[in-house]
Amino acid sequence: MSTVVLVGAQWGDEGKGKLTDYLAREADLVVRYQGGNNAGHTVVVEGQEFKLHLIPSGILHPDKVCVIGNGVVIDPGVLHRELEMLRAAGRPLAALYISERAHVIMPYHRQCDELEEDCPESLRRIGTTRRGIGPAYADKYAREGLRVVDLLEAGAEERLKLIIRRKGEILGRIHRAPAPDPERVAQEYLDHAEMLRPFVRDTSLLVHEAVRAGRNVLFEGAQGTLLDIDHGTYPYVTSSNPTAGGAAVGTGIGPRVIDTVIGVTKAYTTRVGDGPFPTELKDETGEHLRAAGREYGTTTGRPRRCGWLDTVITRYAARVNSLDYLAVTKLDVLTGLPVLRICRAYRYQGREIHDFPSRLSVLAGCEPVYEELPGWTEDLTGVRSFEELPAAARAYLDRLAELSGVPLGVVSVGPGREQTLPLADFFHRR
């Protein structure tokens, strides 16, 4: 038995969905532990592309069990559409269970998110996905949220109407926005509750029993380390904990259950939305990375900001997640660039710093200190083992691992399952 946590080691969009799908072959359970439909995971199976936002990426393995944990915020309408999309594709699917403790995104959460992002004077305007994620988490921690189990309780209709009416009054006072109709929204969510009912379980108990029975469990994070509410580039962050610690809190298991933590990083760096980005490239190289890597958000379609690989970031991710391995994706995107750069440190006010700063003013003033390595011209998409990679590509990966202080565990050279080069056996470490 092994339990493996897969986390993003950058600003999200690192390719966790592809790797979750790949690693799910050896897992018995695939568990999503935080975030909502602000995350986008693209999985390619036999040439068919699936874009998922809520459902764990292991859903396309019919012999597995997929779990949406208590740390996730759920938009029932989005979940329903994803299930319908998967069923329409005609592929057999894994069993799916949803935590009864997971919180629910309401229409007023989405409305509030949009209003804050559209208000020029808003202090909360940070470039969100406008999906209501932040307001839903805010209500959770203010103890004003609604859990999945609350929608299934007797008296749910009256409680829904009361909360919707109160939230509508607040939206009207602060934003002068039209209030949602309590009758209509309450009925809509009661209908959603019936759709959810067959999937709802005490998933903490389900995962605990799987671990006790010696089954392999894969915990799938959304977003990335630098979007973590506590350890990310605050306030340009998400509203949950994508870091490895979030796997325990977001699923209801103890931290000592976790055996292995894998940090996923692209062979370069990307970011969506606002905030400092020391290695950002605003030139032809940045455009090349965006075009070759198809760097557009799965959820929003926004173009991603692109830059050179930053090992100040990967070292930081290694520290806050206790990374055992690195998984490097999109190595093939670097093909054709004559010279590659890796950021090994920052220079701030004349001195070199090697640790990621918490102050945004410092991060914004940092200049990257680069090492240069030779590129390669060979097409990597047909490579099927690490040894087949060009010498320059292997040297680049080795230096990435050395500067990060974490060994390589897997390398990806394309979106397909078969374009994955394993270097470690994650589920048989004990």
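One-based numbering along the chain as shown.
Placed from the backbone N, Cα and C atoms, the Cβ positions cover glycine too.
Copied over from Swiss-Prot:
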- 12-18, 40-42, Arg304, 330-332, 412-414: GTP binding site (BINDING)
- Asp13, Gly40: Mg(2+) binding site (BINDING)
- Asp13, Glu14, Gly15, Lys16, Asn38, Ala39, Gly40, His41, Thr129, Arg143, Gln223, Thr238, Arg302: IMP binding site (BINDING)
- Asp13: active site, proton acceptor (ACT_SITE)
- His41: active site, proton donor (ACT_SITE)
- Thr298, Thr299, Thr300, Gly301, Arg302, Pro303, Arg304: substrate binding site (BINDING)
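Sequence features annotated in Swiss-Prot and their locations in the structure.
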residue : record                 : contacts (Cβ under 8 Å, 6+ apart)
Gly12   : GTP binding site       : Ala39, Ala222, Gln223, Gly224, Leu226, Leu227, Pro242, Val272
Gly15   : GTP binding site       : Val264, Lys266, Ala327, Thr329, Lys330, Ser412
Thr300  : substrate binding site : Thr129, Val272
Arg302  : IMP binding site       : Val272, Gly273, Tyr296
Arg304  : substrate binding site : Asp13, Thr270, Arg271, Val272, Arg290, Glu295, Tyr296, Gly297
Leu331  : GTP binding site       : Ala267, Leu380, Leu389, Ala393, Tyr396, Leu397, Val411, Ser412, Val413
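When each of the binding-site residues Gly40, Gly301, Pro303 is scored by how many other Cβ atoms sit within 10 Å of its Cβ, Gly301 comes out lowest.
DSSP classifies His41 (active site, proton donor) as strand under the three-state reduction. Thr42 (GTP binding site) sits 16 Å from Pro303 (substrate binding site), taking the C-alpha atoms as the reference points. Counting only the Cα atoms, the space from Pro303 (substrate binding site) to Gly40 (Mg(2+) binding site) is about 14 angstrom. In space, His41 is the closest of the recorded positions Asn38, Gly40, His41, Gly301 to Lys18 (GTP binding site), judged by Cα positions. Look at the binding-site residues Asn38, Thr42, Thr129, Gln223 and count other Cβ atoms within 10 Å of each Cβ; Thr42 has the fewest. Residue density at Asp13 (Mg(2+) binding site): 28 other Cβ atoms are found within 10 A of its Cβ, drawing on all protein chains shown. When the Cα positions of Asp13, Glu14, Gly15, Lys16, Asn38, Ala39, Gly40, His41, Thr129, Arg143, Gln223, Thr238, Arg302 are compared pair by pair, the longest gap among these IMP-binding residues is 34 Å.
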